[in-house]
């Protein structure tokens, strides 16, 4: 699943190419792509048609579009947002209407500048759904996102509160980093990269880390995400692309993730791979010593 940098790359593309455009006909060709919209495909299409895209927004790994009604005296806002679930392979592409339709393009929304917003999803784990907006800690977010914490790139991210929340958890620090209700946007790749940069083993208990150590870790989370964002995100296959169909290249700079048995870029020790929460963790045994068993 895309993590914060990859989703932010898509959000920026939508903000540039889709915000301000009026939605025309919406064509839905695969029912799974709208399965989260319980009112059905016809309802989703009808409620989007004729609306102007107001903004593309994000919290953590969650992405949504807001709308208003063009021509209304107060630019009346639609009381729901289009939540975009990218899943494992979802792509939001902006294409000329005359461009060949991609094999797995399950939703196509015509825009008033002659382009189309296309949702392409090979594995069909993702989809679109309209959801009511709710006010949470001073911001309007879709109800399915209401439980998600702010992410390290959010201007209103309160690092000291997050430090306290992390240290209150009696779980492995990597598990806590992946908890989207504590801090959002971090997935397996950037958790491993941030922990390596901070010199912390992911199996250490969060409650046993000092405040300075957690502050350092959060600073590294932010730093690695900004670097990944500048590189267009991490693309391990052709399924992650931006709205123009281009892949990111941050995988070239990864220090530990996916580098089993390769030398640590800092000390030269072979990177190790371990099982963790039905996935893999990568770390340097020398730079990130395992916690001692009591």
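Using N, Cα and C of the backbone, Cβ positions are placed for all residues, glycine too.
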104, 169 bind DNA per Swiss-Prot; candidate in 123, 156 listed for that same site: 123
Sparsest-packed among the recorded positions, when each Cβ's other Cβ atoms within 10 Å are tallied, from 61, 123: 123
Cβ neighbour count within 10 Å of residue 104 (DNA binding site): 19
Neighbours of residue 61 (active site, proton donor) among the recorded positions 104, 123, 169, 279 (Cα to Cα, within 10 Å): none
From active-site residues 2, 3, 279, the one whose Cα lies nearest residue 123 (DNA binding site): 2
Same chain, 6+ residues apart, C-beta under 8 Å of the C-beta of residue 169 (DNA binding site), given in sequence order: 176, 179, 182, 206, 207
Residues of the zinc finger (255-289) by DSSP state, where helix covers H, G and I: 0 helix, 12 strand, 23 coil
